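Structure, as structure tokens:
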Amino acid sequence: MSIITTAFALSLLATTAFAVPPETPRIELQAERGLGDQSYAPWQVDCPSNVTWIRNATTGLGTGERAYIEAREKLVQPAIEQMMAARGLETPPRTPVIGVALAGGGYRAMLTGLGGIMGMMNESTEASQSETGGWLDGVSYWSGLSGGSWATGSFMSNGGQLPTTLLENLWNIDSNLVFPDDGKLSFYTNLYTETNAKSDLGFPVQITDIWGLAIGSHVLPEPYQLSNTPNLTFSSLPSVVAALGNASLPMPIIVAAEREAGELVIAENATVWEFTPYEFGSWAFGSQYKSPGAFTPIEYLGTSVDDGSPNGTCWKGFDQLSFVMGTSATLFNGAFLELNGTDSGLLTNLITAFLADLGEDQADISRIPNSFSNYNSGENPIYNLTYITLVDAGETNQNIPLEPLLVPTRDVDAIVAFDSSYDSDYIWPNGTALRTTYERAKILAEHENTRVLMPEVPSMNGFVNGGYNSRPTFFGCNDTTTPVIIYIPSYPWSFAANTSTYQLSYENNEANEMLLNGMRSLTLNHSVPTWPTCFACALTDRSFMYTSENRSTTCQECFDTWCWAGDDNTTEPANYEPVINSVPPWLIANNLSIGMADAPGSNESTAGTASSGAAKMGVGMGMVALTAGLGLML
């Protein structure tokens, strides 16, 4: 491994030898504060006496989340009233709890998911013209996974700005995520400085730290990027971001999955862990056997806790937002598969050897100090672990983070599920994420205290054969025990959005088209006049306690059109190859679409996708740079 590292390091330094980057300014540390207050490293604090270190999941919502949702409801209610009135619909008798869930898939998922969010923002002219803009103001929860967690972190930390504004003024995603166009030496020097400071304190440092810092330096606010002070913690967001401090945005949840000792392939029933600005934990522990989970204050994550009490030394700063985003997106197990298509044999051999060593050393996961050590040892399967080992939750095939929004305690009424998964040969979704969550829900239902409320959905073949993976579909329409899931799959309304998960850079015009196409997957490109009304009906249906017997005529007509009817054609479908700049055939067959010509915005076709040999070579170069930097640090 040292030979590989040396070769990578020399090649990296050779590319920067003729350009001496300017010194990166570092903020002077205040004398009374530890290093971690100003940098990526955690810092030591006095242990507080008024903290509940472990909260059993069966006790309901934590106090921080409960207070946030109560404050959020006061803003959500008038927003929903306004949106319903605009459609000529009745105001719900109670405020519905609405969630959005953004799938994983690297930058593709980040851009497509944020495009979908943009379709719900009244700040977007096109979304407002499409009459879906404004609904984000009625959303209470937002969950993100992998690339969807990048979308979550960037959107929340930047105060809910329009994604196209972030692209224009902040993001530097035209520079390779881990192999920047310039300043490579300063980039890796800063990585070394920040991660070494964390390591010196005795905390584990792995590839996730580097990956997360790289992500943060492309999408987080500039003051918290690697070249400045990368010290934005998840727990500090409500105090740092005014729009979160006053509950003007949905409460963010970022999701990861546990990889148990000895596992190479993550079980679909693996423990799902969630990070919020208030807590870290899981609603259900274990994979083979499920038991009620628990939560700990995320502000003190990294503190050694034994049976609910700290061991004398407490820490803050472990919950760096970049680290949480990196934890949710540990894509490197999948790098083995992607390398099979890399053009350079030498490159493939070098990176494969390095990644193999990482896998053996458990450096390809994220290690979280176990706050639940010796807690509830009779039922807690992680009571004897020093670290909780987390990976990208998409590795469980639950690539849409629905589970946190299906927990009965949160009382979610409707979920808008944005799916940009790489399920098919041509990198389009086929419903795998929803079906996997449905199958997992059956396992969780075996224990009353771990169940989630997931409606039935068709098989993957049924999704494709029914066309459900090409247009919005409502699931759980007449099952009043579950939320209504409004499934929004990515579709090439105006752009070839089926780019590779491992495409590590996007030109700004390409990223802009990705955002617009994601928005049009939700708005249907303003081509279906009844869609805004039907979208409103689905979002609020549960708060009326409607069924097919008492729904309004307007909303029942919508549900007759958009609800899954229970069919499941399990025969092997033909390859799914949607046409760019087209209307989904189902919309045409059902006489719902007025055609693309009447839709606002540019619908110019873009040829090709980013899964070409050149893109794969870019993947390889990014991995070279990343592994080179890691080798210098570990």
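Positions of Cβ are set from backbone N, Cα and C atoms, glycine also.
As recorded in Swiss-Prot, the features of this protein are as follows:
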- 1-19: signal peptide (SIGNAL)
- 46-569: domain 'PLA2c' (DOMAIN)
- Asn50: N-linked glycosylation site (CARBOHYD)
- Asn122: N-linked glycosylation site (CARBOHYD)
- Asn246: N-linked glycosylation site (CARBOHYD)
- Asn269: N-linked glycosylation site (CARBOHYD)
- Asn311: N-linked glycosylation site (CARBOHYD)
- Asn340: N-linked glycosylation site (CARBOHYD)
- Asn430: N-linked glycosylation site (CARBOHYD)
- Asn478: N-linked glycosylation site (CARBOHYD)
- Asn498: N-linked glycosylation site (CARBOHYD)
- Asn569: N-linked glycosylation site (CARBOHYD)
- Asn591: N-linked glycosylation site (CARBOHYD)
- Asn603: N-linked glycosylation site (CARBOHYD)
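The structure, with features from Swiss-Prot marked on it.
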{"residue": "Asn50", "record": "N-linked glycosylation site", "Cβ contacts under 8 Å, 6 or more apart": "none"}
{"residue": "Asn122", "record": "N-linked glycosylation site", "Cβ contacts under 8 Å, 6 or more apart": "Ser128, Gly133, Gly134, Leu136, Asp137"}
{"residue": "Asn246", "record": "N-linked glycosylation site", "Cβ contacts under 8 Å, 6 or more apart": "Ala71"}
{"residue": "Asn269", "record": "N-linked glycosylation site", "Cβ contacts under 8 Å, 6 or more apart": "Ser287, Gln288, Lys290, Thr396, Arg440, Ile443"}
{"residue": "Asn311", "record": "N-linked glycosylation site", "Cβ contacts under 8 Å, 6 or more apart": "Thr303, Ser304, Val305"}
{"residue": "Asn430", "record": "N-linked glycosylation site", "Cβ contacts under 8 Å, 6 or more apart": "Ser421, Asp423, Ser424, Met460, Phe463, Val464, Asn469, Tyr576"}
{"residue": "Asn478", "record": "N-linked glycosylation site", "Cβ contacts under 8 Å, 6 or more apart": "Thr547, Ser548, Cys563"}
{"residue": "Asn569", "record": "N-linked glycosylation site", "Cβ contacts under 8 Å, 6 or more apart": "Asn461, Gly462, Asn465, Gly466"}
{"residue": "Asn591", "record": "N-linked glycosylation site", "Cβ contacts under 8 Å, 6 or more apart": "none"}
- Counting every protein chain present, what is the number of Cβ atoms, excluding its own, within 10 Å of the Cβ of Asn498 (N-linked glycosylation site)? 24
- Message: Looking only at the domain 'PLA2c' (46-569), what is the model's average confidence as pLDDT?
- Response: 91
- Query: Does DSSP put Asn311 (N-linked glycosylation site) in a helix, in a strand, or in coil?
  - Reply: coil
